[in-house]
Amino acid sequence: METSSLWPPRPSPSAGLSLEARLGVDTRLWAKVLFTALYSLIFALGTAGNALSVHVVLKARAGRPGRLRYHVLSLALSALLLLLISVPMELYNFVWSHYPWVFGDLGCRGYYFVRELCAYATVLSVASLSAERCLAVCQPLRARRLLTPRRTRRLLSLVWVASLGLALPMAVIMGQKHEMERADGEPEPASRVCTVLVSRATLQVFIQVNVLVSFVLPLALTAFLNGITVNHLVALYSQVPSASAQVNSIPSRLELLSEEGLLGFITWRKTLSLGVQASLVRHKDASQIRSLQHSAQVLRAIVAVYVICWLPYHARRLMYCYIPDDGWTDELYDFYHYFYMVTNTLFYVSSAVTPVLYNAVSSSFRKLFLESLSSLCGEQRSVVPLPQEAPESTTSTYSFRLWGSPRNPSLGEIQV
């Protein structure tokens, strides 16, 4: 499907065959129709969902600044850039019209550069978000001091600068060239392709390093941090007493899981400094159980989505690296041809499902998202600023929202 850096060599057929056959590309019509439908669906849902996510974030600027907003914006912009540039180019020049490459040398380099840039920006943004959440859960006092919107902006700026640097080599090793020549020695215009300009050995080294840096290490870090966070959530749930229990010791981490929850801790410390014994009443009700379980499930889902969508993509690239040139049979080559299309489809699916993850990790974002979607459909509803959660009654329990902010404990809840 693609005569490029990740397309294995194939023995040259007879010169009497068609150009596509001579260049080793022959996609069946049913596959073209099927993947066109899949690409079109991914493009429509992904661009609409991520554009609406950006709209929600920008529309909520009047609200209290929150760190989640910047993470959502970074991930949505990365997904939009990937879908808007890569999907149309690949659908035209890699699915339907393999030769000649029509987007020029700059388009060739830009296509691969943007794809690598967005891949790095996405996985590094997810890793940074997981690191912030882990710190907020495990070290709430330190998180209160370190995790500010300004520092989050700087962190994400660093993520994008690093992504630019890491993706730059792809714009150097890729380029446009002619695969065939005429009888008079001039390049065959119809054989113009977007392909690799360095040796295959150099490309193999680059791919292996790229898979390690853009997938294995960031995803391992994300899984490790999310695992720590999930373990803390499970421990917190097991430590919550029954509805009739009262605790006379220092507030547990359940009260300190969010930035706003620290106000209760400070008030508790001030009460102790006056020589008064403080006691907080906490309840193990159904809503609290659901909240903790939901938080753990979301963290697992984030890792699962990127493993399912990205692992086949990188496995296919490594497949190219580890199979020698003389090991490519016609059957293996045909398998790789269609495996390429399947893995790229999954790769783009990860960008299309990011709005679903946003809605899963933040109830306030979900409310704004649905309100914006309803307004576009003609239903006018009131809009609340992101990322503030809906107010809770004073009799409710200390609820924990992994991505939102629980309410502050009131003075009336601190029994003297």
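Numbers run from 1 along the shown chain.
Placed from the backbone N, Cα and C atoms, the Cβ positions cover glycine too.
Database features (Swiss-Prot):
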type	residues	note
LIPID	C377	S-palmitoyl cysteine
MOD_RES	S410	phosphoserine
TOPO_DOM	1-32	topological domain 'Extracellular'
TOPO_DOM	56-64	topological domain 'Cytoplasmic'
TOPO_DOM	88-109	topological domain 'Extracellular'
TOPO_DOM	132-154	topological domain 'Cytoplasmic'
TOPO_DOM	177-217	topological domain 'Extracellular'
TOPO_DOM	238-297	topological domain 'Cytoplasmic'
TOPO_DOM	319-337	topological domain 'Extracellular'
TOPO_DOM	359-416	topological domain 'Cytoplasmic'
TRANSMEM	33-55	transmembrane segment
TRANSMEM	65-87	transmembrane segment
TRANSMEM	110-131	transmembrane segment
TRANSMEM	155-176	transmembrane segment
TRANSMEM	218-237	transmembrane segment
TRANSMEM	298-318	transmembrane segment
TRANSMEM	338-358	transmembrane segment
Run the contact check on the transmembrane segment (65-87) against the transmembrane segment (338-358): 3 or more C-beta pairs under 8 Å, excluding pairs closer than 6 in sequence.
yes
Same-chain residues near the transmembrane segment (155-176), Cβ under 8 Å, at least 6 residues beyond its ends:
4-5, 70-71, 74, 101, 104-105, 108-110, 112-113, 115-117, 119-121, 124-125, 128, 192-198, 202-203, 206, 213-214
Among the recorded stretches 33-55, 110-131, 218-237, 338-358, which has the greatest number of Cβ pairs closer than 8 Å to the transmembrane segment (298-318)?
338-358
Are there at least 3 C-beta pairs under 8 angstroms linking the transmembrane segment (338-358) and the transmembrane segment (218-237), leaving out pairs fewer than 6 apart in sequence?
no
Sequence-remote partners of the transmembrane segment (338-358) [C-beta within less than 8 Å, at least six residues beyond its ends]:
1-2, 6-7, 31, 35, 38-39, 42-43, 45-46, 49-50, 52-53, 72, 75-76, 78-79, 82-83, 86-87, 90, 95, 118, 122, 298, 301-302, 305-306, 308-310, 312-313, 315-316, 319, 365-366, 369
Six or more residues out from either end of the transmembrane segment (33-55), which same-chain residues have a Cβ under 8 Å from its Cβ atoms?
72-73, 76-77, 79-80, 83-84, 87-88, 90-91, 95-96, 341, 345, 348-349, 351-352, 354-356, 358, 369, 372-373, 376
How about long-range neighbours of the transmembrane segment (110-131): same chain, 6 or more residues beyond its ends, C-beta under 8 Å?
4-5, 71, 74-75, 78-79, 81-82, 85-86, 89-90, 103, 155-156, 159-160, 162-164, 166-168, 170-171, 174, 194, 210, 214-215, 218-219, 221-222, 225-226, 229, 299, 302, 306, 310, 350-351
